[in-house]
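To start, the structure under review is shown below, and the notes come after it.
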Amino acid sequence: MATSVAVGSTLTAYDRGILTAVNVGASSLSLVGSTFIVLCYLLFKELRKFSFKLVFYLALADMLCSFFSIIGDPSKSFFCYAQGYSSHFFCVASFLWTTTIAFTLHRTVVKHKTDVEDLEAMFHLYVWGTSLVMTVTRSFGNDHRHHFGTVCWTQTGRTGKAIHFITFYMPLWGAILYNGFTYMQVIRMLNNATRMAVGMSGQAFVSDTRDNMRALNRWGYYPLILIGSWAFGTINRIHDFLEPNHKIFWLSFLDIGTAALMGLFNSIAYGLNSSVRRAICERLDKLWPERLHRWLPNSFKYKSLSQESELAIFKTEDQS
């Protein structure tokens with residue numbers, strides 16, 4: 001990852017080889033996971049709703065971030081620059097797309113607005129524009145004469161490291177705080193709606209509300225994806241700034257490994273929801289012989305899948 005640890009002379013060539021392998025292996029898993037979500041969106045017309053379109057953009061950013069993280073090679077300047085600029089750009093775009101999903105959820109559920117689809121152009125301007133500004137700004141503090149470590153575009157001076165932190169980790173933790181606060185508000189509101197439904201409405205409405213709550217309880221953990229992916233990277237950045245000549249191998253290992261897996265985590269959490277599983281299983285039901293169905297796990301038999309979607313609360317098209 002472009003945002004991974006700067007590996008210096010205190011690590012041996014063997015250590016750097018291990019870190020390179022970890023980066024390529026974890027990034028490859030993220031590339032596969034995010035590409036799978038992108039293909040699902042392109043192949044299954046029933047998934048092409050605004051709610052899943054945001055997930056598609058998130059997966060696309062993760063896919064490109066993972067791809068450019070894999071091709072980087074410090075010994076080749078062109079690929080080094082390609083990895084450095086491109087993976088930084090798409091990694092920033094990735095966590096910014098999660099904020100648009102949180103914003104859409106909040107605006108639909110809490111504020112009861114139905115105009116979120118009209119904001120798509122603003123979302124693109126916000127995500128891609130901010131990513132471009134952060135990437136260009138980071139280049140001002142980079143020393144292009146040196147490339148150290150398992151990945152490219154490492155910072156060698158205190159100014160460059162400070163700019164790196166400002167242009168990546170500050171927006172990242174801002175996105176984490178925003179997502180966490182937004183999901184807390186949405187879950188609190190639906191909790192209140194559930195309690196009111198129990199006392200005032202029929203059992204069918206209560207059941208629907210609880211279905212939404214089950215989905216949103218999972219969404220409440222989604223900020224933890226960013227925290228888990230970048231906590232070690234943040235610690236490593238701070239340590240590297242304070243102790244530039246003392247690299248810690250195990251911290252670098254966790255930094256690179258967890259950061260490179262962000263795309264895989266996002267594809268599972270945001271993309272592999274009940275709508276996607278149902279679309280896949282409907283295709284399998286048509287293609288697979290009936291005698292093979294019994295070998296499928298129960299959770300993958302679309303007839304037994306819950307008809308609610310993790311994104312079902314975005315009923316903007318029906319409301320329009």
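Glycine is no exception: its Cβ is also placed from the backbone N, Cα and C atoms.
Note on the domain 'G-protein coupled receptors family 2 profile 2' (19-274): mean pLDDT across this stretch is 83. The domain 'G-protein coupled receptors family 2 profile 2' annotation in TrEMBL covers 19-274.
Within its own chain, the transmembrane segment (18-42) is flanked in space by residues 1, 4-5, 7, 11, 48, 52-53, 55-56, 59-60, 62-63, 65-67, 69-70, 149-151, 252-253, 256-257, 260-264, 266-268, 270-272, 276, 279-280, which lie at least six positions past its ends and keep a Cβ under 8 Å from the stretch. For 18-42 (among others), the entry in TrEMBL reads transmembrane segment.
TrEMBL lists 54-72 (among others) with the feature transmembrane segment. Sequence-distant contacts of the transmembrane segment (54-72), counting only residues of its own chain at least 6 positions beyond either end whose CB sits under 8 Å from a CB of the stretch, comprise 1-2, 23-24, 27-28, 30-31, 33-35, 37-38, 41, 79-80, 82-84, 86-87, 90-91, 93-94, 97-98, 100-101, 104, 123, 127, 151-152, 260, 262-263, 266-267, 270-271, 311.
Taken from TrEMBL, the feature transmembrane segment covers 84-105 (among others).
According to TrEMBL, the transmembrane segment annotation covers 125-142 (among others). Within the chain carrying the transmembrane segment (125-142), a Cβ under 8 angstroms from the stretch's Cβ atoms is held by residues 57, 61, 84-85, 88-90, 92-93, 96-97, 100, 153, 155, 157, 159-164, 166-168, 171, all 6 or more beyond its ends.
Sequence annotations record features per position, and here TrEMBL assigns transmembrane segment to 162-181 (among others). Nonlocal intrachain contacts for the transmembrane segment (162-181), taken as residues 6+ away from its ends with a CB within less than 8 angstroms of a stretch CB, comprise 3, 88, 91-92, 95-96, 98-99, 102, 130, 134-135, 137-138, 140-142, 155, 222-223, 226-227, 230, 233-234, 237, 241.
As annotated by TrEMBL, transmembrane segment applies to 219-236 (among others).
Per TrEMBL, the feature transmembrane segment maps to 248-270 (among others). Under 8 Å from some Cβ of the transmembrane segment (248-270) lie the Cβ atoms of residues 1, 3-5, 7, 11, 15, 18-19, 22-23, 25-27, 29-34, 36-37, 55, 58-59, 62-63, 65-66, 69, 91, 94, 98, 101, 150-151, 218, 221-222, 225-226, 228-233, 235-236, 239, all in the same chain and six or more residues away from its ends.
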